[in-house]
């Protein structure tokens, strides 16, 4: 025992037999206790900043979170693909029915929309023919349609077609004398035509006073009706069919009074729960398997959410220990950059992804059970969660120096890029407003602010340049000359200057990161603290040999939760 004490190189007074007494002894023990706490904190910090493989080699701890994330990638991607195929059938059914409705109810429809409207008429006779054609087609729908369509009930619970017209209250107009006397108040008149009325002689309702249109007062004619259908194509993919309600409206727009009436066809499709489904076969069993798979995805995401939340909580506790120790020993606060190192942003991304996946999976199960029909919200939740899951894979690639360059470059360049985009965005908005107000009446790509922004963004990327120049209408020489000056200045400024500066910022950050990887990154207070006694031989020389063993012996089992399991 005496040899052990001498080997520890303790002071002479500590080798005297008997209990330790006196202020010198108490100071020495306090100093020893401080060293033990410091070494314990350093060990916990080193373990926290290890990657899963290093943790396994250090303490034989299985990387549960990494394995769970890999399993989650496979499960979530499989779930997304299955739902995506199902959602494609839903969207295709709606679009194909809309196209079929246009061919059924719009007279002379060519198969493609003219602009944002479906077709147009230019004479009074064509207007009457188009209105009466749509009404007759509704009456003969069962003998015309190829789809699984039926009549739906209107707001007053009857099968009918509703025709409304909007017109100025009263007025007279004589264009040849340049005189106009009109009341700008708008009146709306409506008529309901049920199947019984349509079955009678067509002259009875065609010759009614309602259909005597005064076109100089007419603003708009609306024909609205409701149809129902069943999507049977889902049966081929072993899913329960959906029942649809199509709220259709044909709009004859004469607000411009330009001699051209634009005809719009709007169809709003809603999915409703089928009241009575009797389908024999293995569809019901397949639905149960899909629900079980979705429930398993929810369980995996819950486990991932709990583990990542636990790691963040323990990281905050470890940061609190380090901040307190640093303040006591060095009499100064830890910088914000070092404090942010304890918050693993990948865990935050995983938590957000798990929450989105759980929400989307629950909604998908309700859709599968035909209790809900919100396909769009479900696709947004599942699509965004899958995006975050795959982005999270970069974290594991970052453990290799060759792949870590991308992550470090993005982190270093992001603040500068955001500031640069804020300045460039002001110039971009200026060009957007200028192009809309000047070129909007003469170019279809500049008709509204949204299309102008999209057109300019395409020009920045070098897309569709010639078409943008060529489609400018040469009705005004002044506007044509301005369009050339506008487009040439925008393309030159953004492609040759702003875009080049944008790339230069990222390249500069990349060069800086590469230089740091060769010569070493600037050491922070946290890294300097971890470097102390970094080599085993150095620690054995500078600190007592039993320090690390005391560190482990002094930690109670109740304190195991304080050791961060990252």
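Each residue, glycine too, has its Cβ placed from N, Cα and C.
Predicted automatically and left uncurated, TrEMBL annotations should be read as such.
The domain 'Mucolipin extracytosolic' annotation in TrEMBL covers 90-275.
If you average pLDDT over the domain 'Polycystin cation channel PKD1/PKD2' (376-513) in this model, you get 89. If you look up TrEMBL, you'll see 376-513 marked as domain 'Polycystin cation channel PKD1/PKD2'.
The annotation transmembrane segment is assigned in TrEMBL to 289-316 (among others).
Annotation source TrEMBL lists transmembrane segment at 346-363 (among others). Sequence-distant contacts of the transmembrane segment (346-363) (same chain, six or more residues past either end, CB-CB distance under 8 Å): 69, 72, 76, 79, 294-295, 297-298, 301-302, 304-305, 308-309, 311-312, 372, 374, 377-378, 381-382, 384-386, 388-389, 391-392, 395.
Residues or ranges marked as transmembrane segment by TrEMBL: 375-397 (among others).
Summarising the annotation, TrEMBL assigns transmembrane segment to 417-439 (among others).
Under the heading transmembrane segment, TrEMBL lists 485-506 (among others). If you look at the transmembrane segment (485-506), the same-chain residues 6 or more away from its ends with a CB under 8 A from one of its CBs are 409, 413, 416-417, 420-421, 424, 427-428, 431, 434-435, 438-439, 456, 459-460, 462, 465, 468-469.
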The transmembrane segment (289-316): which same-chain residues, six or more beyond its ends, come within Cβ distance under 8 Å?
48, 64-65, 68-69, 71-72, 75-76, 78-79, 82, 342-344, 347-348, 350-351, 354-355, 357-358, 361-362, 364-365, 368-369, 561-562, 564-566
Can you name the far-off residues of the same chain, 6+ from the ends of the transmembrane segment (375-397), with a Cβ under 8 Å from a Cβ of it?
66, 69, 72-73, 76-77, 79-80, 83-84, 87, 90-91, 271, 346, 349-350, 352-354, 356-357, 359-361, 363-364, 367, 403-404, 406-407
